[in-house]
Amino acid sequence: MIWHVQNENFILDSTRIFMKAFHLLLFDGSFIFPECILIFGLILLLMIDSTSDQKDIPWLYFISSTSLVMSITALLFRWREEPMISFSGNFQTNNFNEIFQFLILLCSTLCIPLSVEYIECTEMAITEFLLFVLTATLGGMFLCGANDLITIFVAPECFSLCSYLLSGYTKKDVRSNEATTKYLLMGGASSSILVHGFSWLYGSSGGEIELQEIVNGLINTQMYNSPGISIALIFITVGIGFKLSPAPSHQWTPDVYEGSPTPVVAFLSVTSKVAASASATRIFDIPFYFSSNEWHLLLEILAILSMILGNLIAITQTSMKRMLAYSSIGQIGYVIIGIIVGDSNGGYASMITYMLFYISMNLGTFACIVSFGLRTGTDNIRDYAGLYTKDAFLALSLALCLLSLGGLPPLAGFFGKLHLFWCGWQAGLYFLVSIGLLTSVVSIYYYLKIIKLLMTGRNQEITPHVQNYRRSPLRSNNSIELSMIVCVIASTIPGISMNPIIEIAQDTLF
């Protein structure tokens, strides 16, 4: 009799939970329509993989790319709609969140054709790779729209778990296994630190988890200037710092960049920073509204350390991927300037604009590295000597992307940095902007050093890797060149195109 009653209660409780979930999905599902498209694409990938053979492999790429393009289209159709909060306050939809989601989808869309030839040459499992990329993209999109502490923790974990699996995808490579181990251990530690910071914020606000309600709770409890908030700020900054990888939270970055498959590095190098930047702007700007001076100081220290250490250490690197790892540490220092400036002086707009250009510059560089690595099997900077004599298109593409990363006019990187530094100067961040300008000059040095090697014509400097360089006979070579061309064109956008981009970015402010 007791068992019968307990069984009935279990059925009733399960029914209520199911009905509540169905109600939320029915009435709030339209707010996550782009995410639902990706979920449908994931299900379709699994179904095709379980019922198909090797001949259907092109369909896997087609479904993945189509899902991403359709998700981008859904986002664009929803542009300029009124901000909405859905799923009982867990998710917020507005232009600011959506432009970061657009950037993440753009990264993933460009990374899939970039990966095709690499997957074929290394004979990696295709379906699992695409599943991890789409799932990580989904986690990044949910993080951009997260409106409560639980979602802000769960969404990046979804992204991080896929990142760990992708970084160790080449299981037979010792460097890949080492990179995954370091990435996993440090990622787990940073997640613990982040949750600890959330617990202080939760307790200080009187048990609130929604971002805006936390602010109201801090006002009601008079805890907005308490030591607990300072402790929460420090722990949350450290936790988010792992995702952004500024110095001194950068230790994992060079090893993961060097040991992971190159298409994976290309994907992680941009998507993780875009998602973490979206989360950081909302966390610092809303719950820590009353502690703006404190978090400004913390971020200024991180930006200075990142710009100086990242660019100085990059000079000494001999591996192309390790050089880009330290370069990315310096680049995130520039992005942090936009976060500090905020929306009062166009800081967020300049940050979004620069990240858009950074995506094209960085992915274009990695597309060139993937192409060169597959034909030579090397990642050493010295082995790029004389590439112009064998493959002028690849050498010129790499040179343009590197020059744009360095910020030389009239390339896109120059105008992105110019607008970012100008906003910082207007906000009174004179010392920070001065450091940014000096370190940009340093970065130009090591980029030009690589370009000089690319264009050298002296036989004694050309290594056997370039002397024996052969173009790939694979048809998929067209896909990597497609990504490369798109990124190179975007990296060379002249300043005349800056105004409409900045105007669109300005519309994304809160």
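Backbone N, Cα and C atoms are what each Cβ position is placed from, and that goes for glycine too.
Worth saying up front: this structure is predicted, and the values here are computed from it rather than measured.
As annotated by Swiss-Prot, transmembrane segment applies to 24-44 (among others), with the evidence given as sequence analysis.
Cβ atoms under 8 Å from those of the transmembrane segment (57-77) belong to residues 33-35, 37-38, 40-42, 44-45, 48-49, 98, 101-102, 105-106, 108-109, 112-113, 116, 126-127, 130, 133-134, 137 of the same chain, restricted to positions at least 6 beyond its ends. If you look up Swiss-Prot, you'll see 57-77 (among others) marked as transmembrane segment, on the strength of sequence analysis.
Annotation comment: Swiss-Prot describes 99-119 (among others) as transmembrane segment, evidence class sequence analysis.
For 124-144 (among others), the entry in Swiss-Prot reads transmembrane segment.
Among the features that Swiss-Prot reports, transmembrane segment is placed at 183-203 (among others), with the record citing sequence analysis. Among residues of the same chain six or more beyond the transmembrane segment (183-203), those with a C-beta under 8 A of the stretch's C-beta atoms are 149, 152-153, 156-157, 160, 163-164, 167, 209, 214, 228-229, 231-243, 249, 251-252, 255-256, 287.
Annotation comment: Swiss-Prot describes 227-247 (among others) as transmembrane segment, evidence class sequence analysis.
The transmembrane segment annotation in Swiss-Prot covers 295-315 (among others), and the record cites sequence analysis as its basis.
Here Swiss-Prot flags 323-343 (among others) as transmembrane segment, drawing on sequence analysis.
Annotation comment: Swiss-Prot describes 354-374 (among others) as transmembrane segment, evidence class sequence analysis.
For the transmembrane segment (392-412), same-chain residues at least 6 beyond its ends with a Cβ under 8 Å from one of its own Cβ atoms are 327, 331, 357-358, 360-362, 364-365, 367-369, 371-372, 384, 440, 443-444, 447-448, 450-451, 454-455, 484-485, 487-488, 490-495. Positions annotated as transmembrane segment by Swiss-Prot: 392-412 (among others).
Among the features that Swiss-Prot reports, transmembrane segment is placed at 418-438 (among others). Long-range Cβ contacts of the transmembrane segment (418-438) within its own chain (Cβ-Cβ under 8 Å, at least 6 residues beyond either end) map to 300, 303-304, 307-308, 333-335, 337-338, 340-341, 344-347, 349-351, 353-354, 498, 502.
Here the transmembrane segment (482-502) has long-range neighbours at 110-111, 113-114, 346, 349-350, 353, 356-357, 359-361, 363-364, 367-368, 371, 394, 397, 400-401, 404, 409-415, 419, meaning same-chain residues at least 6 beyond its ends whose C-beta is under 8 angstroms from one of its own. As annotated by Swiss-Prot, transmembrane segment applies to 482-502 (among others), with the evidence given as sequence analysis.
Between the transmembrane segment (227-247) and the stretches 99-119, 124-144, 295-315, 323-343, 354-374, Cβ pairs under 8 Å are most numerous for 295-315. Long-range contacts of the transmembrane segment (354-374) within the same chain: residues 103, 106-107, 110-111, 114-115, 117-118, 121, 262-263, 265-266, 269-270, 273-274, 277, 320-321, 324, 328, 331, 334-335, 338, 384, 387, 394, 397-398, 400-402, 404-405, 412-413, 415-417, 419-420, 472, 477, 480-481, 483-484, 486-488, 490-491, 493, 501, each at least 6 residues beyond the stretch ends and with a Cβ under 8 Å from a Cβ of the stretch.
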